[in-house]
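Annotation comment: Swiss-Prot describes Ser101 as phosphoserine. Marked as active site, phosphoserine intermediate by Swiss-Prot on the basis of sequence analysis: Ser101. Residues annotated as Mg(2+) binding site in Swiss-Prot, with sequence analysis given as evidence: Ser101, Asp241, Asp243, Asp245.
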Amino acid sequence: MGRLFGTDGVRGVANLELTPKLAYQLGQAGAYVLTGETKHTPKILVGMDTRISGDMLEAALISGICSVGAQVVSLGVIPTPAIAYLTRQYDADAGVVISASHNPFEYNGIKFFNSNGYKLPDAIEDKIEEIIQNGGEDLPKPVGQNIGFKCYQENALEDYVNFVKGTITGDFEGIKVAIDCANGASFQAAPMALFDLKADVSVINNEPDGTNINSGCGSTHMRQLQAYVKEIKADIGFAFDGDADRVLAVDENGNIVDGDQIMAIIGLYLKDKGILSQNTIVATVMSNMGLDIMAKNKGLTIEKTKVGDRYVLEEMLNKGYMLGGEQSGHIIFLDHNTTGDGLLTAVQLLKVLKDSGKKLSELAGVMEILPQVLINAKVTNEKKYKYLDDEVIKKMCKELEDEFKGEGRVLIRPSGTEPLVRVMIEGKDKDIITRRAKELVRVIEGRLS
């Protein structure tokens with residue numbers, strides 16, 4: 001059996017890979033590991049996105065948590081970053097999110113936050129996994145009044161929205177904003193926050209039915225929002241993913257403004273105000289080379305990590321940085337929240353837009369994006385890490401790097417949640433790098449499928 005936890009909790013096809021039994025075991029073992037040392041009745045928050053499997057998995061997860069004597073506070077459908085924030089705000093011992101983020105609706109996932117609102121380190125996940133593999137035989141089995149119970153926190157969403165609004169001063173009166181909620185967890189929170197901040201808000205994909213989350217919409221399918229922004233002549237558009245821990249923007253001309261550009265815009269704004277910690281932005285190896293060029297020209301430093309917001313966060317915590325994130329729109333403002341937060345990011349970008357008086361296209365122009373092609377090679381889960389040892393693949397990558405002569409790069413990495421190897425090639429000529437990426441994908445699929 002491979003490791004249960006991936007890069008972002010436990011994830012799989014609901015009722016096939018992520019079963020109610022596994023959800024129960026995760027609730028049971030997770031609650032025990034995260035609250036075993038407490039001297040009081042442990043309190044654990046549980047929230048979810050809009051997937052049809054959420055109710056099934058929530059029932060099982062909560063049963064597991066209650067079976068070891070913990071109290072569950074059910075928050076219903078709510079963004080992932082809200083759980084991270086509210087776990088701290090409500091003095092809970094842990095928080096749990098039922099979501100598969102940007103994945104299709106048939107997938108779901110379970111991830112934990114500790115009492116400080118941080119995702120769990122590998123060592124804690126390993127303890128949870130060990131208990132599950134051992135069948136949970138040694139776990140406490142409280143009876144009578146010591147069995148856990150569930151209650152509801154009716155104003156949780158409002159508390160989160162008020163927190164996000166409180167991170168800025170002023171309002172967004174006069175700014176026309178289009179938002180795509182991906183039929184996901186932001187469908188109430190995002191409109192509520194922006195309406196309250198007096199923006200002129202138009203919303204699409206805010207009618208979840210359990211199966212339409214991320215379906216042709218949201219931050220992984222931007223075309224609908226791009227067209228909508230131009231159609232209604234909005235100043236800016238925002239597309240969230242299914243659990244709203246990431247966001248991408250669209251400028252007034254319908255062009256995508258990605259996570260790298262958002263960090264560049266906000267980073268420069270904070271630097272100019274003298275409040276960007278060490279004048280540094282933490283990004284990943286997948287960030288566009290244009291971010292590095294911009295930083296060099298503007299007196300910023302870019303620190304690079306492995307792909308994954310957990311690694312970005314780790315670097316930020318270790319070295320005291322306040323701004324970091326990924327090209328995909330996972331952006332962390334560590335002086336406000338402990339994880340990527342799509343709504344918080346949208347509000348911070350709107351603040352820059354309002355204060356600068358500039359159009360988003362002008363702000364985004366501070367960074368020239370080098371053409372970048374990302375193609376997924378479909379491989380087996382068992383073989384997706386073997387590209388590191390494959391001489392043919394290694395030789396082809398070396399030849400491509402030589403061909404680019406320092407004006408491009410090749411990056412290969414396995415997906416943490418799916419049977420894929422992601423091939424990213426960056427360079428000056430889009431046609432050439434697209435052709436080379438397709439050639440490399442064919443080789444990888446031929447050797448690792």
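Quick reminder: no glycine exception, Cβ is built from N, Cα and C everywhere.
The record gives Ser101, Asp241, Asp243, Asp245 for Mg(2+). Within 8 Å of the mean position of their Cβ atoms, the other Cβ atoms in that chain belong to Asp49, Pro79, Thr80, Ser99, His102, Gly184, Ala185, Phe240, Gly242, Ala244, Arg246, Gly340, Gly342. The Cβ neighbour count for Asp243 (Mg(2+) binding site), using a 10 Å radius over every protein chain in view, is 36. Each residue contributes its Cα atom, and for Asp241 (Mg(2+) binding site) and Ser101 (phosphoserine) those atoms are 6 Å apart. Note: the CA-CA distance between Asp243 (Mg(2+) binding site) and Ser101 (phosphoserine) rounds to 5 Å. When Cβ atoms from all protein chains are considered, those within 10 Å of Asp245 (Mg(2+) binding site) total 33, not counting its own. Each of the recorded positions Ser101, Asp241 was scored by the number of other CB atoms within 10 Å of its CB, and the largest score is that of Asp241. Recorded residues Ser101 (phosphoserine) and Asp245 (Mg(2+) binding site) have their alpha carbons 8 Å apart, per Cα-Cα distance.
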